[in-house]
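Annotation comment: Swiss-Prot describes 1-158 as domain 'Obg'. The domain 'OBG-type G' feature in Swiss-Prot is assigned to 159-331; the stated evidence is sequence analysis. Residues or ranges marked as GTP binding site by Swiss-Prot on the basis of sequence analysis: 165-172, 190-194, 212-215, 282-285, 312-314. Residues annotated as Mg(2+) binding site in Swiss-Prot, with sequence analysis given as evidence: SER172, THR192. Marked as domain 'OCT' by Swiss-Prot on the basis of sequence analysis: 345-424.
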Amino acid sequence: MFIDTAKILVKSGNGGNGCISFRREKYVAMGGPNGGDGGNGGSVILVADRNLTTLLDFTYRRKYVADNGEDGGNSKCFGKKGEDLYIKVPIGTVVKDVETGKTMVDLAKEGDSYIVARGGKGGKGNYHFATPTRQAPNFAEPGMPGEERMINLEIKLLADVGLIGFPNVGKSTLLSMVSKAKPKIANYHFTTLKPNLGVVKIEGANAFVMADIPGIIEGASEGVGLGLDFLRHIERTRLLVHVVDISGVEGRNPIEDFKKINEELKNYSVKLWDRPQIVVANKIDMLYDEEVFETFKKEVNKLGFDKVFKISAATRDGVDDLIKEVTRQLSMIPITEMEIPEEERFMPEEKRFTYTIRVEDGVYVVEGSFVDRLLKSVNVNDPDSLRYFHKVLRNKGILDELKEMGIQDEDTVRLNDFEFDFLL
């Protein structure tokens, strides 16, 4: 089972409402408004963490919601900000917006972070709305709703080095010899059904991560078997180590195997085919005809590969020299972020003031989260508050949309339980 993609719902917190309150102190006449601002809602933030290698955790939890901001208080007390929700993901996680299908971010390095849902802004308290002619505003600003979206997570970077080759050529054995990884090893095809990772440490050099990529078969680039899943796992490795079974004990032809694997790489992605590649002839401990290796080496040289490493992963013969070469080449290959064409990048849209208008039995019904929160912060029995309410409806385009829909003088408009007659 491949746990390299996951779809989750993220929702940031709503902003707290501004407070409506007035100073009430002895000997202080007409103390004035002192309602505090609401706190901002918490955001949902993804963070790349080197300690994670799969998206397995997201199969058990699909919804992530940050805290709401608290409402403002009297005496100009600000509401508490909602706690941000941090979600750890593996390095190399690519995040896409489900609705648009566009890439939001590529978390390519340790500690990279991205806000996938920004918390709603807290509303202003009534003290902000005091003017020389409106000294006691009996209204406040509502907090704004948070963002909610479905996102796709996809791992496109599992390791610095990818071990590639047909099934059962010794990739898992090699990984177990050079790291502390303990992959399942057996003598049958598709032993490895998901990438096994191992950290390879060599004295005097930086450690690197090596992945035993599941065996590729013919037609992998066209989706045969688990081919596309396999190829996706090596798309972001910096260096490929191509392992072939030089012994031929299973009746395989190492030259044909080598060509077929490279053909699948090329069909899937030319960039992947151009990736630096170290050729490894494994199982020399079972090789009974040295001429087989020499013939293989000559054919590989013709294809543009100057050197072939001759090893036995089982006995560790030649493995140390191979790892030194891998380390040397990695030191010259920069870690690059995946290029995202500008037109494919996700651009968040402003959806804070969403509402709908419908006509029901001659009544214009305005609905939406913004309308709900606005009504909670308006005193419909106060003239100043109603004037502010009218101003908000005008500024947000609701009144203009009602006119475009053909509303007439004295037609009824309903917002939740509040109704009023429209005047042109």
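Note: Cβ is positioned from N, Cα and C throughout, glycine not excepted.
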Worksheet item: When a 10 Å sphere is centred on the Cβ of GLY165 (GTP binding site), how many other Cβ atoms does it contain?
Response: 25
Item to complete: For each of the binding-site residues (ASN168, SER172, SER312), count the other CB atoms lying within 10 A of its CB, then report the residue with the highest count.
Response: SER172
Worksheet item: Taking the domain 'OBG-type G' (159-331) alone, what is its mean pLDDT?
Response: 79
Worksheet item: What counts of helix, strand and coil residues does DSSP assign across the domain 'OCT' (345-424)?
Response: 28 helix, 19 strand, 33 coil
Worksheet item: Counting all other Cβ atoms within 10 Å across every protein chain shown, which of the binding-site residues LYS171, LYS283 scores highest?
Response: LYS171
Item to complete: Would you mind pulling the DSSP three-state label for SER312 (GTP binding site)?
Response: strand
